[in-house]
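Here is what Swiss-Prot says about this protein:
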type     : residues                           : note
ACT_SITE : 174                                : active site
ACT_SITE : 250                                : active site
ACT_SITE : 368                                : active site, nucleophile
BINDING  : 19-28, 110, 137-138, 214, 252, 362 : substrate binding site
């Protein structure tokens, strides 16, 4: 049976804006209050996804969440008509309104952690939505994320969906952005790397001092248990607290893996050699550990360009390609390193550059925009076929974006009651296009 790694990219929602909500995310904070272009953002993401589909990669799309989130605003005491709720919130708590209007669900690397059936005891694909408790604007996502994932991967014979972890900092979980999987072939049992920022229950363990560690060891271990993984399928690695304090808020900002390749910065982890030795013991195949030295690429350049927030994909030829943001081309040190990388003895033979600037300015590169799901042929057949990107769906989504999205949005515009109507109209139509059923609260 054939096996593939599919990418499920998040459609950028109609309220994409720059509110600078993510403390610890340098790009998000430095671009706060810029005027955004939701239409361009959605099209950039869709075009990147379509380019991968055209390369033969199995490519799906995940629907955005309903924003503004009036349900959360009502839970915290704003009342009256929808328009009045927005007006009140804008006047009394503009930062809370901004949080309830964020389009951050576009970064589906944070949607969930996924373990393929080749790794799990029950032979099913497992999904656990991330609770994202560290950031208010993201902590309101998990329930809807779970509904969208269940509507996309709906057959219980193949797919096992878990609830998100308890909503407490001890179980802070940021999903696949802190998880990667190494294997010989996608259909073979692999080793899942769970990267965490701190041990919540051990006050003496290393942790960052300036910015929060969003992922705990306790959360990573809980997900591994839920997914029925054996010890031989797991390696738990602590991210270097010093790089978290330099703006590396998720591991996918400093490392990325694919099949038998782990591409990472030399400062990415604690106890790096010990963990590499553990991976080698647990995965009996030829492995390529590509360590990028600080002398060639500084942490600052890695964060600014998102060198590691790239996708590594395996092409039909068996060679690998890096999907990088154009920001990597524009950074001399990073561009020079990527050109050098292509001359080294590794499976990576191409670098392809994509413009995802609207996402980058909010702190999310190509890897943030996708959730990886390794599947076999039967599992792909069991996926909701209306979520898989082909020419017909691409054209429908492009037309949908053109019809419903604004090309200019400021944080002041978030209080416009018309935005509620526009968003709900768009999402209602999208749920019909993608045959999702009633995944949004306004549809219930």
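Keep in mind that glycine also has a Cβ here, set from the backbone N, Cα and C atoms.
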Position of peak Cβ density within 10 Å, selected from the recorded positions 138, 250 = 250
Whole-number Å value for how far residue 368 (active site, nucleophile) lies from residue 252 (substrate binding site) (Cα to Cα) = 8
Task = Would you count the other CB atoms within 10 A of the CB of the residue listed as 'active site, nucleophile', including those on all shown protein chains?
result = 26
Query = From the Cα of residue 110 (substrate binding site) across to the Cα of residue 368 (active site, nucleophile), what is the distance in angstrom?
reply = 7
Query = What's the CA-CA gap between residue 138 (substrate binding site) and residue 174 (active site) in angstrom, rounded?
reply = 10
Query = Roughly how many angstrom lie between the C-alpha atoms of residue 174 (active site) and residue 250 (active site)?
reply = 8
Remark   = CB contacts under 8 angstroms to residue 110 (substrate binding site), restricted to the same chain and 6+ apart in sequence, sorted by sequence, are 104, 130, 132, 138, 174, 175, 176, 177, 250, 368
Inquiry  = On the three-state reduction of DSSP, what should I expect for residue 250 (active site)?
reply    = coil
Ask   = Any idea what DSSP makes of residue 19 (substrate binding site), helix, strand or coil?
value = coil
